[in-house]
Amino acid sequence: MANTPHGGVLKDLVARDLPIRSQLLEEAATLPELILTERQLCDLELITNGGFSPLEGFLNEKDYNSVVETLRLVDGTLFSIPINLDVSTSDIETLGIKPGVRITLRDPRDDAPLAIITVDDIYTPNKVLEATKVFGDDDSAHPAVKYLHTTVKEHYIGGKVQAIQPPTHFDYVALRFTPAELRAHFKKLAWRKVVAFQTRNPMHRAHRELTVRAARQRYANVLIHPVVGLTKPGDVDHYTRVRVYQSIMPKYPNGMAHLALLPLAMRMGGPREAVWHAIIRKNFGATHFIVGRDHAGPGKNSKGTDFYGPYDAQTVVTKYKDELNIEMVPFQMMTYLPSTDEYQPVDEVPAGVQTLDISGTELRRRLRTGAPIPDWFSYEAVVKTLRESYPPRTKQGFVLFLTGLHNSGKDIIGRALQTTLNQQGGRSVSLLLGETVRSELSSELGFSAEDRNRNIARIAFVAAELTRAGAAVIAAPIAPYENARKAAKDIVLHSGGAGGNFFLIHVATPLEHCEKTDRKGNYAKARRGEIKGFTGIDDVYEVPAKADVTVDITQQTVPEIVHSIILLLETNGLL
């Protein structure tokens, strides 16, 4: 028998509003509209299908403040993560957003109308307070805090929603279950106890042993319920992970386990997130929930220490166990015993017995370099799937990002690098020179700081797409601002997949030489005021704080510079 939903009633808004769907669809075409962000899309899907029960919309100011301060809605119901619909000042003015206004919420992928929100209120959050209370620290090393300060807009609007239709998914449709569908599935199979396993990473033998052990101890079945919405930047993409989950499912005893995907946008909020995950799994019908060591932790803060203690999440979930009404299964770290060819909880291994483990860092190294991964750690089918998405270093793409003043020599260095890499073969090589990009991709942009940053973001987007496909990309814009260069690196690292290898090359040729050898006379025109905002004359060039290589054509020949960059690639195993 599936667990009772949080708050007592499953808020399946799609089912509730189905009788008036045609009416809502007709009205949606006449209303102002908001195109959702990826996070908002995930949140809305779980609001409308009941995954976030008892929520029926985005939090108004009173509920938001209560959740931030007390982990409760105003009515006292436990809810640990604020679910907000953020909008900009421009959105408010353009759409005429005010209390009582109805707004269509549209899917960013196809513009489909998904729901209509009736605005309850508009408020401006204290983001520092939200970060400190919800995530424990206002430290931008935390991905959710960084997202809060750099991506979330200035204002929140609260209000209940009416569901028009759920988002359309084209991937793994057979594995996507709403709470109502999963509950019906459990009932059909007569599953009375269900242990839910949360994961955002690939699964290996230890995870299989852990979940089987948890189920057998409780005479239960297992729900493998991985997140396929937003996770931590740099995580393995969900397509690869789902193929891994599909590979590992046959390793479970027949009929023990079921795989279903969760379209959740994680916040990596540690203890609060663990409570939130428990609520969500309760709404999906699970009776037990595995809470791991450092559950949903983002890693280390800017001072190099962990954001959360290893067992903080288990402590907080235990604190609210009576209200959660879902039994927590503490994660037991599993270790391999070669003498008996089995996994055991680490605290049950007798002293002196040999154990073996492979860390996540070591696994990524082996995937990157093609080093062997032993059978005791993972299954052959899982390793094969991972290797398909993580080719050896010599097959991975990379980006060489050359930055420097106009006429610093970065263009000729870029062309020489392209020739050298083409000569070596093995990859396609793309060259994105500043002037070429300006004429082909950014012809409408000027030279304000905003337009310069937008131009660099476009270069980074194209570079990430190419390097993900295994190409070598040489980009050579001026890129005078440190924040734009850092943003470009983040785009490549987070969107380049296995090709997310980024190297910053500072072409540090002095201004005097650049100006003296400028045959086109652009510096002279800038000195006379004929060109405005010229880098190095009346606009600043911010010297890179951490370049991978710094070169100077007044001190080195172009072949010497190219050779030093090739050595950098060889040292990193890419050639």
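Yeah, the Cβs are placed from backbone N, Cα and C, and that goes for glycine too.
Mean per-residue pLDDT, taken over the region 'N-terminal' (1-170), amounts to 97. Among the features that TrEMBL reports, region 'N-terminal' is placed at 1-170.
Here TrEMBL flags 4-165 as domain 'ATP-sulfurylase PUA-like'.
Feature annotation from TrEMBL assigns ATP binding site to Gln198, Thr199, Arg200, Asn201, Gly292, Arg293, Asp294, His295, Met334.
Sequence annotations record features per position, and here TrEMBL assigns site 'Induces change in substrate recognition on ATP binding' to Phe331. With a 10 A radius on its CB, Phe331 (site 'Induces change in substrate recognition on ATP binding') counts 21 other CB atoms from all the protein chains.
The region 'Allosteric regulation domain' feature in TrEMBL is assigned to 396-575.
The 3'-phosphoadenylyl sulfate binding site annotation in TrEMBL covers Glu435, Thr436, Val437, Arg438, Lys520.
Summary: among the binding-site residues (Asp294, Glu435), the fewest other C-beta atoms within 10 A of the C-beta are counted at Glu435. The two recorded residues Met334 (ATP binding site) and Arg438 (3'-phosphoadenylyl sulfate binding site) have their Cα atoms spaced 54 Å from each other.
Each of the binding-site residues Arg200, Arg438, Lys520 was scored by how many other Cβ atoms lie within 10 Å of its Cβ, and the smallest score goes to Lys520. Sequence-distant neighbours of Val437 (3'-phosphoadenylyl sulfate binding site) (same chain, 6+ apart, CB under 8 A from its CB) are Asn455, Arg458, Ile459, Pro477. Scoring each of the binding-site residues (Gln198, Thr436) by how many neighbouring Cβ atoms lie within 10 Å, the top position goes to Gln198. Largest CA to CA distance in the 3'-phosphoadenylyl sulfate binding set (Glu435, Thr436, Val437, Arg438, Lys520): 19 Å, whole number.
Taking the Cβ of Gly292 (ATP binding site) as reference, residues of its chain lying under 8 Å away and at least six apart in sequence are, in sequence order, Gln198, Ala313, Phe331.
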